[in-house]
Amino acid sequence: MTDSLSTVEIGLQSLEDLSAAFISTLKNQHYNGEIVCGIDNDSSTTTTTFHLDFYNENDAACAGSDWIILGVLTALSLIVSWGTRWLIFEPIANWKMQNAKHWNRDECRRFSMTCASCLNFVLSALFGYRVLIQMPWLFRREEWLPGEIHVAADFKFYYLLYAARFIGDLVSLFFESRQMDAFVAAFIHHLVTLGLVLGSAHARLTRFGGVIMFFFDWADIPLLCAKACKYLSQDPQDTLQIVANRLFELFAVLFFATRCVFFNYVVYCVWMNPSDTRMFDWCKYLLLILVGLQTYWMALIVRMAVRISKNGGVAEDSRDDDLRKLSNANARNDKPKSQ
C-alpha cells in the first residue's frame, strides 16, 4: 500500500491515523483502525515505530515520514499559541485592566504570553497523563530499559506532539519580549529538550522519555497561573496577589519534587544503562545539561523565597525579569533585584 505513495502522502496519512488513535485514548475508547507503517494491527494495542531516519532499508517507504507529521503539528501549535494570545487573552486582559494606571501594551503582551504558555502546559500535562497512565511500564523501573522498537500509536503521536510544541516555542522565543538572560536560558532549555525528545526516539529510549514527560510539565502550571494573577494585580495586598503568593509556594514544592528529585532519579537510571549507540551518549549528556538548568532555576527559586520573606510576602519568579518590573510598579517599597 505505501509503495505507491510519496513520503508526504505517507506522512499525512500517518498523521491522520495516529491522531485518531490519540483521540480515541483521550475519549477512553479503543482504537480499532489500522496505522500506515504500523505493526501488529490485529493486537490489543496498535503499535508502530518512529520513522525519523530518511533512509531505512527495512522500511524504505515510511522513512522520514515523521518529519511531515512534525511540520504539521508545529504549525498547529503555533496557530493555537499565537491565536489564543491575540484573540482571547489580550482582549480579556485589556477589558479587565482598562482602568488600571500601570497597564500598557507590553504588559498585555506578557500576560497573553503567560496565559498561552499555561494553556500549552495544561494540555500537555493532561494529554501525557491520559496516554501514559495506561502504560504498564510507567511505574516499573526494570521496564524502562532502552531498546524498545515498537511503541503504541497514541504514545508516538504524543511524543511527536511534544517535540512539535518545543519547536514552536523555539520559534516564538524570537518574537517575544524577554531579558537576555531569560532568553538564553529558555533557548538552551528548549533546544536541549527538543534534542532529547527526538534523540530518545532515535536511540529507542522512549520509555525513559515517557516517564519524564509524565511529570515534567506539572510544576510550571501553578507558576504561570501565579504570573497571570500578578500581572492583573493592582495592589500588593489584593486577592490576586495573595493567590499568586500561594501558587508560587505550590510551584516551588512541585518544582523541587519533580525537577530536582524525581527527574534526577530518572537521569541516574539512564546513566546506569551502558550506551550502545552514539545517540544514546548524546542523550545522556543532554540530560546532564537539563539537570544543570533545573539546578540553576532551583537556586533562583530559593533566592526568591528569601526575598519573599524580606519584602512582605510578595511573590515573584526569579526566572523572568518581567515580573520584577511589574512587582516594582505595584509595590514601590520592594527593592529591585541587583544585576
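In case you wondered, yes, glycine gets a Cβ from its N, Cα and C as well.
Automatic, uncurated: that is what TrEMBL annotation is.
TrEMBL annotations:
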- 67-89: transmembrane segment (TRANSMEM)
- 106-310: domain 'TLC' (DOMAIN)
- 110-137: transmembrane segment (TRANSMEM)
- 157-175: transmembrane segment (TRANSMEM)
- 182-202: transmembrane segment (TRANSMEM)
- 247-273: transmembrane segment (TRANSMEM)
- 285-306: transmembrane segment (TRANSMEM)
- 314-339: region 'Disordered' (REGION)
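Away from its own ends, the transmembrane segment (110-137) comes close to residues 22, 25-26, 77, 80-82, 84-86, 88-90, 93, 143-144, 152, 154-155, 158, 161-162, 165, 169, 176-177, 207, 210-211, 213-214, 217-218, 220-221, 224-225, 227-228, 231-232, 322, 326 of its chain (Cβ-Cβ under 8 Å, at least six residues beyond either end). Proximity of distant same-chain residues to the transmembrane segment (182-202), defined by a Cβ-Cβ separation under 8 Å and at least 6 residues beyond the stretch ends, is recorded for 50, 52-53, 159, 162-163, 166-167, 169-170, 173, 208-209, 279, 282-283, 286-287, 289-290, 293, 296-297, 319-322. Beyond the transmembrane segment (157-175), the same-chain residues lying 6 or more positions past its ends with a Cβ under 8 Å from any Cβ of the stretch are 18-19, 21-22, 50, 66, 69-70, 73-74, 76-78, 81-82, 120, 124, 127-128, 131-132, 151, 183, 186-187, 190-191, 193-194, 197-198, 201, 206, 209-210, 213.
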